[in-house]
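Please read the structure below before turning to the comments.
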Amino acid sequence: MDISFILDDLNDAQRQAVTLDESHGLILAGAGSGKTRVLVHRIAWLTKVMGYSPYNILAVTFTNKAANEMRGRVENLIGQQAGGLTMGTFHGIAYRILRQHYQDANLPNNFQILDADDQKRVLKRLLKAMELDEAQWPVKQVQAFINGEKEEGRRPHHIEIGHNPYVAKLVEIYKEYEELCQRGGLVDFAELLLRAHELWLKKPHILGHYQARFRHILVDEFQDTNTLQYAWLRVLAGASGKLFVVGDDDQSIYGWRGARVENIRQFDQDFAGTLMVRLEQNYRSTGTILKAANALISHNDSRMGKQLWSAGEEGDPILLYEAFNEFDEARYVTSQIENWVEQGGQRDEVAVLYRSNAQSRMIEQALMQAQIPYRVYGGLRFYDRAEVKDVLAYLRLVVNREDDAAFERVYNHPPRGIGQKTADSIRQVARDQQISLWQASQMLLENSLKARAKTAVQGFIDLIEQLQDALHAQDLEQQFVKTISLSGLQAHFEKDQSEQGQGRLENLDELISAAAQFDNRAKQQTAAGINTEESVMAAEDESVRLDGTTLIDNPEQSTLEEFLAQSALEAGEQQADAWESCVQLMTMHSAKGLEFPLVFMIGMEEGLFPSQQSQEDASRLEEERRLAYVGITRAEKQLIMTFAQRRRLHGSEFFPVMSRFIKEIPPEYIQEVRLSGRVQPTMEREGSAGFTSSARQNETGFQIGERVSHAKFGDGIVLNYEGSGEHARIHVNFTEFGSKWLVLAYARLEKR
DNA sequence: TGGACCAATCTTTTT
DNA sequence: GATTGGTCCA
C-alpha cells in the first residue's frame with residue numbers, strides 16, 4: 001500500500017511522532033512546528049497503516065474551532081472514513097456520553113446545559129435566597145469557587161473545611177447550588193466533565209465499553225488541561241488505551257483558569273513507556289523572531305526545554321518604538337499599517353496584539369480616523385447575546401418546566417405585569433417546598449394571589465403551554481418564528497426604534513435562519529442514517545452506543561433539544577465583515593494558534609505587560625512571559641513592539657517603564673525606531689481629536705503654579721493641565737486632599 | 001416599568 | 001474614563 005501521502009511532506013521529527021508504535025506519545029510541539037499536521041497525519045497512520053477502525057479513535061480539543069479544523073483536514077487526507085472518528089471538545093464529548101447514559105448519570109432525559117452566564121444568574125438568586133450579603137459573597141468569587149472545586153474533581157463532601165467558617169459557608173452554597181441544579185435538570189460546564197468522570201467510576205461496564213472502544217486517544221493543547229480533564233483522560237485510557245498528547249509547556253497561558261502545566265511536565269511519569277518527540281523546526285517565523293523568542297523564554301525556570309529553529313531567512317530585526325503616550329503609540333501603529341498596505345501588503349495580514357482589552361480603544365480610534373477597516377476579536381458572541389438567550393430560554397422552558405434559570409430569565413421579559421413582589425413570593429414557595437418556580441407558580445395560582453398578579457402569572461403559564469402546543473409538529477424554523485412572536489419579544493424589540501433595537505431584531509432573524517440550517521443538516525444526517533448505522537455496527541460492542549459523529553440520531557431527543565445543547569456548547573462565531581480585508585485586533589491570549597505576517601505588540605510596559613497583578617508571584621510572572629512568547633511567535637515576517645512614556649489608564653496618568661520582556665531579548669535582534677520629525681515630548685499636547693500634536697495651548701484659563709480653590713477640596717496649586725474644550729482637565733495639588741485630576745468643565749475652580 | 005442617577009470596578013476566556 | 005450594576009423616583 002502506498003503510504004507516501006501520509007509521510008512525504010513531514011520532517012524527521014514529525015514522521016517519528018506520526019509513526020509511533022503502540023505506546024503513549026508526548027509530542028512537545030513548539031509554536032509553528034506543525035502540531036495539527038502531526039495530529040491529522042497520526043490519525044491517517046492509525047487508520048490506513050495500523051488498521052484501526054475510525055471507531056477506535058478519539059480526538060479531543062479545547063475549542064470547537066480546533067475540532068472543526070482537525071476534522072476538515074482529516075477528511076482531506078483520508079476521505080469518508082473520517083466520518084467514523086469521534087472528535088470534539090472535552091465538554092462536547094462529555095455531553096454526548098451523558099446523553100447516552102443519562103439514567104446511569106442520574107439526569108433527566110431533558111437535562112439542559114447551563115452556560116457561565118446562566119450559572120451566574122442562578123447563583124445570584126441563590127445567594128439572595130440564602131440571605132447572604134452580596135458585598136461579602138461576590139457572585140463571581142462563589143462561581144469561581146464552585147467551578148474550581150469541580151475542576152479539581154471535588155464534591156462538597158470532599159472539601160476540607162477545617163475551622164474556616166468562610167470555606168464552610170462556600171461549601172454550603174456549593175451544596176445548595178448542586179441540589180438546585182439537580183432538581184432543575186441543569187448541568188454547568190464543569191459538571192459535564194465531572195458527571196462523565198463519576199459515571200465511569202460508578203459504572204464499570206460503561207467505562208469498560210469506552211475503554212475497549214477508544215484504543216487511541218489524541219489530545220490537542222495538552223498543556224491547557226486541568227486536573228479533572230487529566231483524570232478523565234487517565235480513567236478513559238485505562239490500562240490499555242494509548243494516549244497521544246500534543247502540546248507546548250512554553251505556551252501554557254491559562255493557569256489562571258485551572259490549567260496545569262504540570263500535566264504535560266509529569267506526563268511520562270504517570271504513563272509508563274511514554275515516548276517523547278520534540279518538534280522544534282518552525283515553519284512560520286524568521287530566524288530573528290525565533291531567536292528573540294528563544295532568548296525570552298529561556299528566562300523561565302522549570303521548562304521542558306526546546307529551541308525553535310528555522311531553515312528560512314533571518315529576516316528583519318524587531319522594531320521597537322518608544323511612544324510619547326498612547327495616542328502617539330496608536331498613531332505610529334496606524335502609520336506602519338499604512339506603509340505595509342502601500343507596499344502591497346494586505347490588511348488582514350496585520351494583527352495588533354495587546355495584554356488587556358481596554359487597550360484596543362486607542363488603536364480603534366486611530367484606525368477609524370485613518371479609515372482602515374479593522375476587526376476586534378472577543379466580546380459577545382452570537383449565542384451570548386441577550387435577545388438570543390431570551391428566545392432560547394422560552395424554548396428551554398417548553399422542553400423542561402423545571403428549568404428555573406430559564407424561568408427567571410423570561411417570566412417577566414418582555415414585561416407582563418409579574419412584579420417584584422409576586423416573583424418573590426413564587427421564589428419563597430419554591431424554596432420552602434423544594435420545588436421548581438414553575439410548580440410554585442401553579443401552587444400560588446390555586447390559593448393566595450391577588451387578582452391582578454393572578455392574571456399575570458396565569459398569562460405566563462398559559463403562554464408556555466400554548467407555545468408547547470404551537471410548536472408541536474412544526475419544523476425547527478417555525479418553532480423559532482412562533483416563539484419569537486408569541487412570547488412578545490418581537491413586538492417588544494420592534495417598539496425600540498434605536499439602532500440597538502434594530503440590531504436585536506436582526507439577531508433574531510439570524511437565529512431563525514440558524515435554526516433552519518440546523519434542521520436541514522439534521523434531516524440530511526437522518527437521511528444518511530443507514531450509513532451511520534452500518535458504521536455503528538462495526539463498533540466492537542453494541543450494548544452501549546455512542547454516536548461518535550453527531551448529536552443527531554438519538555430517538556429520545558428532539559431536534560429542538562439538540563439545537564439548545566449545541567447553542568450552549570458552541571457560542572458561535574462572532575460575525576465579521578467577511579468581504580472586507582480587516583486589520584485584526586485581539587488580546588495575546590486569543591491570538592494563540594494564529595499567525596500573521598506583520599504583528600504589533602503594543603503596551604510593552606511594566607504594570608501592563610507583565611500585568612501589575614502578576615508582578616509579585618514568580619509562577620504568574622512566568623506565565624506572563626509565556627504569553628509574551630506566544631505573542632512573539634505569532635509573527636511570520638515582521639514584529640513591531642511599542643511602549644509609551646506616559647499612559648492614561650483608568651482615568652489617571654502613569655509613567656511606566658519599558659517591559660522587562662523587551663530587555664530579555666538580546667539587543668542585536670532589536671532596532672529602535674527614531675522618527676525624524678518627531679515632536680519633542682515636552683511640547684506635545686493632544687487636542688480633543690487626539691491625534692494632532694500641536695504645541696500646547698492653554699485653554700483652561702489657569703496657569704501652572706496658580707493658587708485655586710474648589711468647593712469640596714479646598715485650596716490648592718495648579719500642577720498641570722491637558723486637553724481642550726469639554727475634555728480639558730486640570731491637575732491640582734490640594735492642601736488637604738492631595739493631588740487630583742479634575743475635569744475643568746465640572747470642577748468650577750476659582751482663582752484666589 | 002423604564003429612565004436617570006450614582007457607585008464600584010478596571011487582566012487574560014472557552015466550554 | 002467607560003462600562004456596568006444597583007437603587008431610586010415619576
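Any Cβ shown, glycine's included, is placed from N, Cα and C.
TrEMBL lists A:8-286 with the feature domain 'UvrD-like helicase ATP-binding'.
In the structure as shown, the Cβ atom of A:GLY30 (ATP binding site) sits within 10 Å of 26 other Cβ atoms. Per TrEMBL, ATP binding site is recorded for A:ALA29, A:GLY30, A:ALA31, A:GLY32, A:SER33, A:GLY34, A:LYS35, A:THR36.
Taken from TrEMBL, the feature domain 'UvrD-like helicase C-terminal' covers A:287-593.
Taking the binding-site residues A:SER33, A:THR36 in turn, the residue surrounded by the fewest other Cβ atoms inside 10 Å of its Cβ turns out to be A:THR36. One way to see the shell of the ATP site is to take the Cβ centroid of A:ALA29, A:GLY30, A:ALA31, A:GLY32, A:SER33, A:GLY34, A:LYS35, A:THR36; the remaining same-chain residues with a Cβ within 8 Å of it are A:VAL38, A:ASP248, A:LEU279, A:ASN282. Look at A:THR36 (ATP binding site): DSSP puts it in a helix.
Packing around A:ALA31 (ATP binding site) is summarised by its Cβ count: 25 other Cβ atoms lie within 10 angstroms of its Cβ, all protein chains included. Across the domain 'UvrD-like helicase C-terminal' (A:287-593), the prediction's mean pLDDT works out to 84.
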